[in-house]
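Inspection log for the structure reproduced underneath, given as structure tokens.
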Amino acid sequence: MTHFIFVTGGVVSSLGKGISAASVAALLEARGLKVTMVKMDPYINVDPGTMSPFQHGEVFVTEDGAETDLDLGYYERFLRRAKMTKLNNFTSGRVYQDVLNKERRGDYLGGTVQVIPHITDNIKERVLRAGEGYDVAIVEIGGTVGDIESLPFMESVRQLMVELGHKRTMLMHLTLLPYIKSAAELKTKPTQHSVKELLSIGIQPDILICRTEYDVDADTKRKIALFTNVEARAVVVCKDAKTIYQIPRGFYEQNVDDLICERFGFTDLPEADLTDWDNVVEALLNPEYTVRVAMVGKYVELPDAYKSVNEALLHAGIKNRVKVQIDYVNAEELESQDVSILKTADAILVPGGFGERGTEGKMKAIQYARENGIPFLGICLGMQLAVIEYARHVAGMPEASSTEFNRSTKYPLIGLITEWLDERGELQQRSLESDLGGTMRLGAQKSELVEGTKTREVYGKAEITERHRHRYEMNNRFIEAIEQAGMKISGYSSAQHLVETVEIPEHPWFIAVQFHPEFTSSPRDGHPLFASFIDAAKTQHQKSK
């Protein structure tokens, strides 16, 4: 029987609902419970797949190929025993699309389709389905309490809490405790009004997570409890931390897991063992020295656009006991600049992306890394550009390009994938006229790594599974020419023999991959490719001293 914890936010947005929810999930998992998580997004887009990274940040790809909110990345990084799927994230757009499709088919037998019950029932069905087979499902509602867009979701939560009952549901509400310097005190009124907003729609919070920059004394906690109908021990302080990976320990010290287990009747559970989290924090806060990675992209003004890459580099730093400083380099600006901005880098990374804008700057950075022996990692578009750069400057194809940028190029090193097998083994077909949304090669795919290559050595095995999100792929017609020039194809897809990884054997560390390894990195386990990349950056750092 699944128990549900609903997570809402009030006062302001960006309080960290996702991180707080994931930290609670990690704590419950450490008690031996089977935990999953769900994110409900109120926007009308069907999914974030076609949204600008400047609008939404990163699109996180699940194993089964769902394009989801970046919060699902937090969920997977904090949980070890649960992988997110397309069931774990849905939007208002997805719900309305589903309901309208049913109406067009006549499923409602001519009845009037309304927000209540049709939309709310659809939301409830999705929540219950996502929670099947788990002890606890933690469900985050995007946005802020009081937003008009989230009202159907809040009503669905209210109904579920009534239908499932007190012993199977809880609500955790995040609020802000602002500090007024002129008065030298924390203000509780915004929290009171936020809870009042919840009460007005029939929902009583059970736990309050109070975000603050300062310590909160017992009197303030009692005051908050008095005005919000919450137990004083359920007023949890979440003070700004040096790293988000300290938060599970902070919640444990305030007995958040005990509150939940008591409510749900979970007895005879072991104490939470947070040793792994303590080790992560210790390594993160006590690095031996700093290495610098230049990340060359076109969305660098918003680091959340590369959230999983940033986190994977952080995790690799933990594994190597170094601090990884990311220097963001605007690819467009680099096109008109010299490469001096890259000279302080111990390693260079070109992440995934779409479109022609900034590609010449990225290839400029790739050429610099290749010619100067700087460790280089290319991801998705970064791999495609590494192949094009090599073809232009080494393999004698100066007009080499991708059909994404130039359909009439003389040397189409990169072309549209027209056919491939999806994660279910079913044939997928695409053309240049296909819709942009949901038409990519998505999700986990198997690859075979070539024996004797550095990539095979890094992974330590012949077959790997990594997640994909792309429409274009290296053109197999040019494999022979590229390999004769010195670049090695080090990995192929198991099903279609598509190029998955390339490397330059004569270079100290030059690997580029078509997939997205960042999606499977975690703070406790890291990822072999990123760990090896940062190890190479350490070697480069020592050489340059």
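The backbone N, Cα and C atoms fix where each Cβ goes, glycine too.
Of the residues Asp71, Asp98, Asp304, Swiss-Prot places Asp71 in the same ATP site as Ser14, Leu15, Gly16, Lys17, Gly18, Ile19, Lys239, Asp240, Ala241. Within Ser13, Ser20, Ser401, Ser402, the residue that Swiss-Prot lists together with Asp147, Ile148, Glu149, Lys187, Thr188, Lys189, Pro190, Thr191, Gln192, Lys223 for binding CTP is Ser13. Record note: Swiss-Prot gives Leu381, Gly382, Met383, Gln384, Glu404, Arg471 as L-glutamine-binding, and the candidate from Gly317, Gly353, Gly443, Gly526 in that site is Gly353. Listed in chain order, the extra residues whose Cβ falls within 8 Å of the Cβ center of the L-glutamine site residues Gly353, Leu381, Gly382, Met383, Gln384, Glu404, Arg471 are Gly352, Phe354, Cys380, Leu385, Ser402, Ile414, His470, Tyr472. The binding-site residues under consideration are Ser14, Thr188, Gln192. Their Cβ neighbour counts within 10 Å are lowest for Ser14.
Distance between Cα atoms for Ser14 (ATP binding site) and Thr188 (UTP binding site): 18 Å, as a whole number.
Model confidence over the domain 'Glutamine amidotransferase type-1' (292-543) stands at 91, taken as the mean pLDDT rounded to a whole number. Put simply, of the binding-site residues Gly18, Gly353, Glu404, the one whose Cα is nearest the Cα of Thr188 (UTP binding site) is Gly18.
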